[in-house]
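One structure below.
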Amino acid sequence: HSGSPPFKGDFLAPDAGQRPAGPTPSQSRFQVDLVAEAAGATEDKSPNSDASSTVPSSDKATPATPQDADPGTGGEEAKGRFRVVNFADPSGSGSAASPEAAPAEGLQNGDTVMSETSLHSSTGGQHHYHYDTHTNTYYLRTFGHNTIDAVPNIDFYRQTAAPLGEKLIRPTLSELHDELDKEPFEDGFANGDELTPAEEAAAKEAAESKGVVKFGWIKGVLVRCMLNIWGVMLFIRMSWIVGQAGIVLSCVIVAMATVVTTITGLSTSAIATNGFVRGGGAYYLISRSLGPEFGGSIGLIFAFANAVAVAMYVVGFAETVVELLGVDAIMTDQINDIRIVGTITVIVLLGISVAGMEWEAKAQIFLLVVLITAIVNFFIGTFIPSKSKESVGFFGYDGAIMWENMGPDFRGESFFSVFAIFFPAATGILAGANISGDLADPQLAIPRGTLLAILITGIVYLGVAISTGSCIVRDATGNVNDTLSAQFMNCTDAACKFGYDFSACKSEKGSCKYGLHNDFQVMSLVSGFGPIISAGIFSATLSSALASLVSAPKVFQALCKDNIYPGLGMFAKGYGKNNEPLRGYILTFGIALAFILIAELNTIAPIISNFFLASYALINFSVFHASLANSPGWRPSFIYYNMWVSLAGAILCCVVMFVINWWAALLTNVIVLGLYIYVSYKKPDVNWGSSTQALTYHQALTHTLHLSGVEDHIKNFRPQCLVMTGYPNSRPALLDLVHSFTKNVGLMICGHVRAGYRRPNFKDLATDQSRYQRWLLKNETKAFYTPVFSEDMRQGTQYLLQAAGLGRLKPNTLVLGFKNDWRDGDMMNVETYISMIHDAFDFQFGAVILRLKEGLDVSHIQGQEKSSGMKDVIVSIDTSKDSDADSSKPSSKATSLQNSPAIQKDDDDDGKATTQPLLKKDKRSPTVPLNVSDQRLLEASQQFQRKQGKGTVDVWWLFDDGGLTLLIPYLLTNKKRWKDCKIRVFIGGKINRIDHDRRAMATLLSKFRIDFSDITVLGDINTKPKKEHMVAFEEMIEPYRLKEDDMEQEAAERLKNSEPWRITDNELELYRAKTNRQIRLNELLKEHSSTANLIVMSLPLARKGAVSSALYMAWLEALSKDLPPILLVRGNHQSVLTFYS
C-alpha cells in the first residue's frame, strides 16, 4: 500500500464529508488497483519494486488539471498511478492522455500522481495546507540545523497507519542526493512492506474503531491456556492412569507430555517475539515464518481441529451430565441423550462467543474459579480419610499404599496406549496464541502466559498423580464386610494393614467396581465435597470447548484474509468494532454439531491430537528453520530458545503422533502434504519474507561458492547463454529456442543494452528489472533478465560479457538474433553488430546467431501483448525495431521537465500522444488488422512454442569448433517439444573418399552417444556457385565497396577511416574463394534442408581487422537467406563433448 495513513486525508481534505465512509477503494488501496485492473500486474506487491510504486506529488507544481476538477472520476483516478510507461487509463476519462496532465506534474522521479488531498479535493486549490503540515510534522529541523535529513523514528518503519500510529515517510535518497532542480519537499509515499487488500481493510477498521477490547497476559493467555490444558482428563482419567502405569511411570508420562509442550511453548515464544503479531495465532506464526505453503496447510487443519475439539469437549460434558442424571432421567436412550444435551450446550456456547470477546473472557474467568475450587477441594479431601470410604479403597496417605502403587500394573494397556490417552490433556497450549489479535501486547503476553500455564498445569498433574497413588488402592470391592479374618495372615496387599481383604478382585476379573483401576469417578469420592468435582468437570470441558470455539474462527478468519485458498474469501469479513468473524463462528458451529451427532469420541480424539501435534511440530520446525537460515531478520527478543532443542521438539511431536495412533498420523501427514502441494502449485501472491526464502538464499550462496572451488570438467559442460533479447517479450522466437536447450540444463541470461545519449534513469532500470524478471517467471522461462545502460550497443555488450553472472554461473556463449535490417539503416550499426561477435570471441565465448527469414523483433506490432501472454507488463509500443535504439522510449524520467522545458517537453509529449491512442484503440478492439508481413512475423515468432512434429534438425558440422554445433541440437532433441525430430548430419568431404568419411563420422557420433538418423557427405562444396547467385551477391555489396582503385590513395584512406565498414577491392579479391563458398553453401542448404524444422550450421569466422564488417555481414546474409530457421553456431574451440567416462 502506498503507506499513506488512511485517515490523513480526513484531517486535511476540506471536503472530507463528501466522501463515502469506510474503506472505499480510493482510500485504502489507491495505488495498485488500476494496474491490476488494466493488466493484472502484481508489481506493487513486492517490496523490491519500491522504485516503481512510490507516489510522490510535488504539491506546488501541481496545476489544477481536469483531473481535480472532476470529482466524479476522482475515485477511479485515485486508484491509478500514471507511471510514465505508456499504458491506457481504463477509467475511460482519458485524463492521462491530456498532454499537460501527467507529464506537467514534473516527471520528477517518474512517480507522478497527485497526493491524496489533491485527489479528493474538488477544486484542487488546497495543496499548500497539506504540504505545510507535512513538512512541519515530518522534517523536524534536525538538531536545529536546516536539513531535511530525518532522524531515526519508529514511524518510518510502520507497515500501515493502523494499529500503532501514523506511518511517516523518510526522505528518499533521490530527494537528498539528486541535483537541486526540483522542489525539495516532495511528498513520497513509501512502499516498503506491502499489505494485501484484506489486511489493509482490516488495518483501516482497526484504526477507525475506538474502544477495541484487548486483553493482558493473565486474562488473555494464562487463564485461557490453563483452562484449555486442564481438561476432562484431570478428573476422570488421571486416577485410572495411575492405576495402570503406577506412580513412577505416571510421572514419566506427565513429564514427557510436558517436555513436548514446553519445547513448543519456547518455540512459540520465540516466533511470537520476533516482530509484531497480528490475529490468527498458530497459523499467523507458522505462515509468516515458514511461508504460505506450510502456513496454509496447517492453518486449515488447525482451524478444523479446533472446531472438532469443540465437539470433543462438548460430548465429554454431555456424557457426564447424562451419567449424573442416571437411569431415571434418561429421555430416549444414552446415545441420543448425549446428542440432545450436546446440541443444546453448543448453541449456548455459540451465543456466549458471538456476544463478543469480553463476555467470553468473563465466562472463562468464572469457569477458572470453579475449576481451581474443584482441584483444591480434591487435595483437601485426600487429607480427611473417613471410615465410610475405606471399603471403596480410600485409606488416606500411607507409605505402604504408595509403595504398592509405585510400579506399573497394565491391564489390557501398554505404556504408549496410556500415554496416548493422557496426551490430549497436555495440548491446548496455543489457546492464548490463537487470539493473538485480541492481545494488548502479544510479544509479552504469549511467552509469559503460555510458559507459566504449562508449568502450573504440569505441577498439578504431577500432584494429582502422586496423591491419588499414595492414598487409594488399585482394587476395592466396596463391600464393608470384606475384612480380614484371623486365620488368613498370609495377606500381602497394602489393604491388609488396614484390615481389608480385597484379594477376591484378583481372582474374579471385573468383579470389583472400585479402586484406581475400576472407578473413573474415584476423585469425586475422595474429595471433601463430591458435587464440586462434577462442577469442575463441567467447567473444564466447557472452558476448553469455549476456547476452541473462539480459536477456530479467529484462525480461519486470518487464513481467509490472506487469500491463500480461493473461494474462502467470504469468511474473512469481520463484524463490529472487534472485527468478530461471525461467519466463521457459524461454520465452526456447523462442524462441531456434525461431530457431536456422531457422539463417538474414541474415533475423533486421536485425529485431533494428531492435528494439534502437526501444528506443534511445524512451530518447532519453523524456529529451527529460521535459525538455520541465519536471516538477519530473525532476532526474537525471547532468547531462551535453541535451534537444536526446537528440532528435537519437532521430531518428538512426530514420534508422539505415531505413538498415539499410527493411522491417524499417516492420515494427517497425507492431508498436510496434499494441502502443501496444492498451495505451492497455486503460488499465492504473497511475500512475507519467510525463512524458506532466507534458507533458499543461504543455500544458493553456499552452493555457488562451492561450485567456484572446482574446475569445470568437459563432461559437465553446459551451454550458459547470454541472449541479447532486448526486452524479453520483444523477440519471442529467440527466447523460446534458447530456452528449449538451456531449460534445466544451463544458465540463460537475457541481456538488454539500453543505449541512448540521454541521462540514464537508473530508477527505471530497477523497475524494469523486477518487472521483466517476474514476466519471465510467469511465462515459465527459466532465465534472468539483466539490463544495462551504456553509450552504445557494443559497449553494453562488453559490459555484459565481462560482468554478467557470478562465479561459475557465468555465461560462455553469446546468442544474437540476425540483423535482418542491416541494409536499411546506418552502416555503423552493422559495424557495432559485427564487433559484438568479435568481442564474444575475444572473451573466449562461443557465438550463436539465430535467423528467421521473417525476422525476430515483434515489439512494434500492435496488440502484441495479447499474443505473447503478457498480461502484466505494459510496454511502450514504439520501441524502435532495432535493439540499440532504445532512446526512442518516451519518458526518460530522469530528465525532468524543469531541466529543459523546451527541448524535453516536445519530445516526451509527442511520444506520449502518439502512443496513447494506439494502445487505447487496441484495448477496445484487439482485432486490429495486421499487414501480411507482420502476420507472418507473429506466426513465425511463436513457432518454437508449439510441439515440433516429426521433422528433422539438420546439423551442418563443417568445421570443428569443439562440438557446440553438435551439442545444441542434441540438447534440443532431448526436450519434449522436439523429441520427434531426427538429427541429420551433413559434413564436407572429398568426392573420392565419401564412404570413408561417412564411416569415420558415424564412429565419432556413436562414441559421443548421440543419435542421428543419417549422415550426408557433401563432396561438391567447393564447386563454383551459379552465375546468377554470384551476380546477386555483387549487387548486394556494391553500395558498400570502397573502390580504392578509382581514387586517390589519401581520399581512399580518409573514406576508410570515416566509414570503417567499407569493403576494399583488395580484401574482396583475397577472400573470393570464401565468398563463393558461402554462396555455394546456401545453394546446398536449399537443396538438402529446405524442409528442416531447424538448421544448425557452423558460423563462418572472419579475421578481426582483415575482413570488413560489411563483407562479413554479406557472407552471413548470403549463407542464410531464404531458409527455414537457422542457427549459426561457433563454439570457442575448446572441447564440449567427450567420449571418456
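Quick reminder: no glycine exception, Cβ is built from N, Cα and C everywhere.
These features come from TrEMBL:
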COMPBIAS  48-60  compositional bias 'Polar residues'
COMPBIAS  90-106  compositional bias 'Low complexity'
COMPBIAS  109-125  compositional bias 'Polar residues'
DOMAIN    132-185  domain 'Amino acid permease N-terminal'
DOMAIN    220-722  domain 'Amino acid permease/ SLC12A'
DOMAIN    731-1141  domain 'SLC12A transporter C-terminal'
REGION    1-128  region 'Disordered'
REGION    880-932  region 'Disordered'
TRANSMEM  221-241  transmembrane segment
TRANSMEM  247-277  transmembrane segment
TRANSMEM  298-318  transmembrane segment
TRANSMEM  338-358  transmembrane segment
TRANSMEM  365-384  transmembrane segment
TRANSMEM  414-433  transmembrane segment
TRANSMEM  445-466  transmembrane segment
TRANSMEM  532-552  transmembrane segment
TRANSMEM  582-601  transmembrane segment
TRANSMEM  607-626  transmembrane segment
TRANSMEM  638-658  transmembrane segment
TRANSMEM  664-681  transmembrane segment
| message | Are the transmembrane segment (298-318) and the transmembrane segment (247-277) close enough to be called in contact, which here means at least 3 C-beta pairs under 8 A that are separated by 6 or more residues? | response | no
| request: Could you check if the transmembrane segment (365-384) is in contact with the transmembrane segment (664-681), meaning 3+ Cβ pairs under 8 Å among residue pairs at least 6 apart in sequence? | output: no
| query | Out of 221-241, 247-277, 338-358, 414-433, 638-658, which stretch has the largest tally of CB pairs under 8 angstroms to the transmembrane segment (445-466)? | reply | 247-277
| query | How about the transmembrane segment (338-358) and the transmembrane segment (221-241): at least 3 CB pairs under 8 Å, pairs 6 or more apart in sequence, or not? | reply | no
| said: If you count every Cβ pair below 8 Å, which range out of 221-241, 247-277, 582-601, 607-626, 664-681 shares the most with the transmembrane segment (532-552)? | reply: 221-241
| field | Averaged pLDDT, computed only over the residues in the domain 'SLC12A transporter C-terminal' (731-1141) | value | 79
| Selection from 221-241, 414-433, 582-601, 607-626, 664-681, the stretch that has most Cβ pairs under 8 A to the transmembrane segment (247-277) | 414-433
| query | Under a Cβ pair cut-off of under 8 Å, which of the recorded stretches 221-241, 582-601, 607-626, 638-658, 664-681 contacts the transmembrane segment (414-433) most often? | reply | 221-241
